[in-house]
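Shown below is the structure under consideration.
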Amino acid sequence: MASAGGGDCEGAGPEADRPHQRPFLIGVSGGTASGKSTVCEKIMELLGQNEVDHRQRKLVILSQDRFYKVLTAEQKAKALKGQYNFDHPDAFDNDLMHRTLKNIVEGKTVEVPTYDFVTHSRLAETTVVYPADVVLFEGILVFYSQEIRDMFHLRLFVDTDSDVRLSRRVLRDVQRGRDLEQILTQYTTFVKPAFEEFCLPTKKYADVIIPRGVDNMVAINLIVQHIQDILNGDICKWHRAGANGRSHKRTFPEPGEHPAVLASGKRSHLESSSRPH
């Protein structure tokens, strides 16, 4: 068992060292290799989080990838050949995911599984995630299940060009020891169709859509400001807005596009109006 202090799980410190609390839960979705984890890491960096002194952390990052189901021998054989669909909703242990998130929202310390992408198996080792003020939960299908989707106080969707996502996916899977031909076959057979059928339709549930992911620093900075408001005790305004039926939904435009219309009806210039050559 390991305490959260690196990788995609960042802990906030032992419960004995901090008061019991109910975290503000943020869902971060988007297609494969869209930059979800990078966006989360940038948010953590801008909030001044430190990988060494994890006891002082107020923000946790948790990946949906940790909740892949334990495969049968037949399924594992298919996975090793690139013939198993890891982008389908049924590939995830949604019951365990829901229970874990429920405990996190209740301010409890939880143990999350560790998944090995080389052997396609869940390891015996778990990671301890301590209570935090803000929890970022990222994954391709975190908005697919209504039961899980409704748990988020804020929903972000990272919207990245499909060609960019494919190139990132290839590089990532090659680094995981995968064969290039197998990667491309899996992408065209499973990944792309699953994105169009299961992931992309959930974009409509996002409160904030972030074009170009971490490259869109205007969007990232505004989101960080909202999180800072929460950390500073201004979380109530979000709950009040939700109770009054007001939507937080907004899309951060590309350079050269018209500025987004905010919930208040006012227009706000979020990026430069000139597109770089």
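Using the three backbone atoms N, Cα and C, a Cβ is placed for every residue, glycine included.
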What range among 1-29, 146-174, 175-203 does Swiss-Prot describe as region 'Disordered'?
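Swiss-Prot lists region 'Disordered' for residues 1-29.
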Going by Swiss-Prot, Gly30, Gly31, Thr32, Ala33, Ser34, Gly35, Lys36, Ser37, Thr38 bind ATP; tell me which of Asp215, Asp229 is listed for that site too.
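According to Swiss-Prot, the candidate sharing the ATP site with Gly30, Gly31, Thr32, Ala33, Ser34, Gly35, Lys36, Ser37, Thr38 is Asp215.
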Other Cβ atoms within 10 Å is the metric here; tell me which of the binding-site residues Thr32, Ser34, Thr38, Gln186 scores highest.
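When each Cβ's neighbours within 10 Å are tallied, Ser34 tops the list.
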With an 8 Å cut-off on Cβ-Cβ distance and a minimum sequence separation of at least 6, pull the same-chain contacts of Asp87 (substrate binding site), or say none.
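For Asp87 (substrate binding site), the qualifying residues are Thr32, Ile140, Leu141, Phe190, Val191, Ala194, Phe195, Phe198, Cys199.
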Near Arg169 (substrate binding site), which residues of its chain come within a Cβ-Cβ distance under 8 Å, counting only those 6 or more away in sequence?
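In sequence order, Thr32, Ala33, Ile183, Tyr187, Val191 meet the Cβ cut-off.
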Check the Cα distances from Thr38 (ATP binding site) to each of the binding-site residues Tyr115, His120, Arg178, Gln186 and keep only the ones within 10 Å.
none
